[in-house]
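All remarks here apply to the structure that follows.
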Amino acid sequence: MSVFIDFDQAVYPFPPKPASLDADQKAFYRERIKALLVEKNAVIVAHYYTDPEIQALAEETGGCVADSLEMARFGARHHASTLLVAGVRFMGETAKILSPEKNVLMPTLDAQCSLDIGCPDEEFARFCDAHPDRTVVVYANTSAAVKARADWVVTSSIAVELIEHLDSLGEKIIWAPDKHLGRYVQQQTGADILCWQGACIVHDEFKTQSLEKMKAMYPDAAVLVHPESPQAIVDLADAVGSTSQLIKAAQNLPNPSMIVATDKGIFYKMQQACPDKALYIAPTAGEGATCRTCAHCPWMAMNGLQAIAAALEGDDVTHQIHVSEQLREKAMQPLNKMLKFAESLK
Ligand code: SF4
């Protein structure tokens, strides 16, 4: 399909890493942020893939550390007037769509996502227009404009259930943007899915042969895989699931150790969930490896302490998320459908 972005050719201008801070500077910024959160009636809503010190600070200050579905829910129901979203831009946009009355700040608006970048709204709209008989389901990792074009938004934690539901109604699906998750969902449900060809730069880098070698080195370890990973990696998994589901699997599986194929930021909460188990990062090195990310999203890594303090200090132009009311109203409909569907599964 000519409208697809050729992911293999896509070039992502990786952002600079935040300046590294010494222990005194970190302590200074942590205290400054705590004071600003109180002063601004703000709360930190952080993703599992942010750095451990950001997740710890979110927990310490009454915020949340979660997957994108729970981040959206938490932000919408929390009484704070300001949400400081530590994650990537689509997460800030989702928070603003669901909580228009709140001030939504991000440490940096340059924190992108390869799935979002790889699914430009105008091209995607043309693709959808070319297949008017299909229900459009987009992953949460998309811009507000792409969500506005969709019938449903979905996260990886409920993707299989939603597609099963739509398939049972006889609906044919357009899935975007992640090709690996789309393929996984198609295999699990047997649904008729036409898939956009985006990919996550982190999960796309896990290497099969190196993972097989690692399994041989740690025969007692279970392999946990996020379904944004390539098929050959999913085939080696003992458990496949969203970030929250992988944390639960680490807790529930009897194995003493886990090899984990997702962003290593997850280790903070996974280790809390099973403190006695050893956790290993699945290999990103091996034949054909570029290791551009080495299992840590470069955009998630932009959420440093200094940037959080700057966002809360009130420089609105560079930190505040804006979504036009017209776009917000359109994007809210598929998001609300997702939230209601997720509720119905509980
Ligand atoms: S880890 Fe992948 S899917 Fe998640 S924000 Fe980074 S690029 Fe996007």
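We count from 1, first residue shown onward.
The backbone N, Cα and C atoms fix where each Cβ goes, and this holds for glycine too.
Quick look at what TrEMBL lists:
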| type | residues | note |
| --- | --- | --- |
| BINDING | His47, Ser68, Tyr139, Ala140, Asn141, Ser156, His226, Pro227, Glu228, Thr243 | iminosuccinate binding site |
| BINDING | Cys113, Cys200, Cys297 | [4Fe-4S] cluster binding site |
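Features recorded in TrEMBL, as mapped to the structure shown.
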residue : record                        : Cβ neighbours (10 Å)
His47   : iminosuccinate binding site   : 27
Cys113  : [4Fe-4S] cluster binding site : 27
Tyr139  : iminosuccinate binding site   : 30
Asn141  : iminosuccinate binding site   : 29
Cys200  : [4Fe-4S] cluster binding site : 26
His226  : iminosuccinate binding site   : 28
Glu228  : iminosuccinate binding site   : 29
Cys297  : [4Fe-4S] cluster binding site : 25
Binding-site residues close to ligand 1 - of His47, Tyr139, His226, only those whose C-beta is under 6 Å away: none
Assigned element (helix, strand, coil) containing His47 (iminosuccinate binding site), judged by DSSP: strand
Spatial separation of Cys297 ([4Fe-4S] cluster binding site) from His47 (iminosuccinate binding site) - C-alpha basis, Å: 12
Spatial neighbours of Cys113 ([4Fe-4S] cluster binding site) among the binding-site residues Tyr139, Asn141, His226, Glu228 [C-alpha, 10 Å]: Asn141
Candidates Tyr139, Asn141, His226, Glu228 (binding-site residues) - the one closest to Cys200 ([4Fe-4S] cluster binding site) by CA: Glu228
Rounded Cα-Cα span from Tyr139 (iminosuccinate binding site) to Cys297 ([4Fe-4S] cluster binding site), Å: 18
